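Undergrad: One structure, as structure tokens, below. Some questions next.
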Amino acid sequence: MAPSSALERAGRVAPPLAAVLAVIALGGVVGSLARYGLAEAFPHSAGSFPGATFGTNVLGCFLIGVLLARLTPLSHPLLRPFLGTGILGGFTTFSTFAVDTDRLLPDHVVVALLYFFGTVLTALVATLLGELTAKGVRR
């Protein structure tokens, strides 16, 4: 039977589940604290553009693009769950994005729509730019 995972194809053994969960939890703490710090450093008032959440999500998407381009099947098997799922998963926040949009909609429709579409489009572009940047640096 052919190897099914990238690790198996690279001739490596997957790490124990406990190790994967531990690095995800540790990374989640780091990412969440970084996001909290940015939100505290750059607060926004009701009805204004949530710049800290926007910036956090766009930066996180750029970094996930870099990560996707740089990690290979030969990278340490705990690196992706630690950096991607843990740190960047804890750093970015879809739930705050959704709540911010919902709170803006009743009285600030234009800001809500700019925030919503601006975040989605900018995050996609940031992911692509992160990937292209990392591939360019690797050469």
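Start at 1 and count along the chain as shown; that gives each residue its number.
Glycine is treated like the rest: Cβ placed from N, Cα and C.
Note: TrEMBL annotation is automatic and uncurated.
Reproduced below are the annotations present in TrEMBL:
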- Gly89, Thr92: Na(+) binding site (BINDING)
- 12-34: transmembrane segment (TRANSMEM)
- 54-71: transmembrane segment (TRANSMEM)
- 78-97: transmembrane segment (TRANSMEM)
- 109-129: transmembrane segment (TRANSMEM)
Undergrad: May I ask which residues of the same chain, at least 6 positions away in sequence, place their Cβ under 8 angstroms from the Cβ of Thr92 (Na(+) binding site)?
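TA: Listed in sequence order: Gly31, Arg35, Thr56, Asn57, Gly60, Cys61, Ile64.
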Undergrad: Would the transmembrane segment (12-34) and the transmembrane segment (78-97) count as touching if the test is at least 3 Cβ pairs under 8 Å, pairs 6 or more apart?
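TA: Result for the transmembrane segment (12-34) with the transmembrane segment (78-97) is yes.
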